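Q: Got a structure for you, written out below as structure tokens; questions coming shortly.
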Amino acid sequence: MLQIHELFRSIQGEGPFAGRPAVFLRLSGCVQPHCPFCDTPEALGKGKSIPVEELVEQMTSGGPGLAVITGGEPFLQWESGLKELEAALLQKGMEIQYESSGRAGVPDGVQGQVVLSPKPGQWPPPSVLGKAFAVKPLMGDKPEIVLREIYRSGLPPEKIWLMALGASREEQLQRMPLLWEICTRYGYHFCPRLHILVHDRKKGV
Ligand code: SF4
């Protein structure tokens, strides 16, 4: 059984799988204390209890493809159903990508691709970062803060997908020229946030 907030189909908007159609599963609940700047507060509650078999059926109804599992913090439910869901989806030929802050660690044996979005001042330790396929930090008005965190993490540039902070199209566009310059200088992936550029502040797209 998993606690879920929502299940929907869309296009992955950011990171190494950007542009790909995917089925999104947003699990409920996150590590305490919750971040004061949380952009998905609706996913922090208890959510609905759905059996794993039912989720597999719904998530594979469109045939094999990409499943993006996010939250809240998805790995909090690893032992209570997520591990089982992963195995069943892989068996049905799905590709899996996790979106996680890394605050609950990354379970040993996870087979999907883990994309971490560390929160400012809460970067996970190297043992957790090292399990990530990609890391996509946010850059605000003070790039030196995120650049320091990246430097301290010891991650190679090819693992970094740097994104602009900001929930609106206007904020994204404003920060992109500097983001471009920094990615060029340090060899990071320039990571647009397509869902914001296309839909602005609209949620659940
Ligand atoms: S880790 Fe993400 S989902 Fe959890 S409280 Fe912080 S911003 Fe919200």
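Note: Cβ is positioned from N, Cα and C throughout, glycine not excepted.
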Q: Quick check on the annotation: TrEMBL has Ile11, Gln12, Gly13, Thr70 binding substrate, so which of Arg26, Arg103 does it put in that site too?
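A: Record check against TrEMBL: substrate site with Ile11, Gln12, Gly13, Thr70, extra candidate from Arg26, Arg103 is Arg26.
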Q: So TrEMBL lists Phe37, Cys38, Asp39, Ser117, Pro118, Lys119 for S-adenosyl-L-methionine; which of Gly63, Gly65, Gly72 goes with them?
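A: S-adenosyl-L-methionine site check in TrEMBL: besides Phe37, Cys38, Asp39, Ser117, Pro118, Lys119, the record includes Gly72 out of Gly63, Gly65, Gly72.
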Q: What is the separation, in Å, between the Cα atoms of Phe37 (S-adenosyl-L-methionine binding site) and Ile11 (substrate binding site)?
A: 24
Q: These are the binding-site residues: Ile11, Cys30, Cys38. Which one scores highest on other Cβ atoms within 10 Å?
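A: Within the set of binding-site residues, the most crowded position is Cys30.
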Q: Across the record's S-adenosyl-L-methionine-binding residues Phe37, Cys38, Asp39, Gly72, Ser117, Pro118, Lys119, the largest CA-CA distance in angstrom?
A: 14
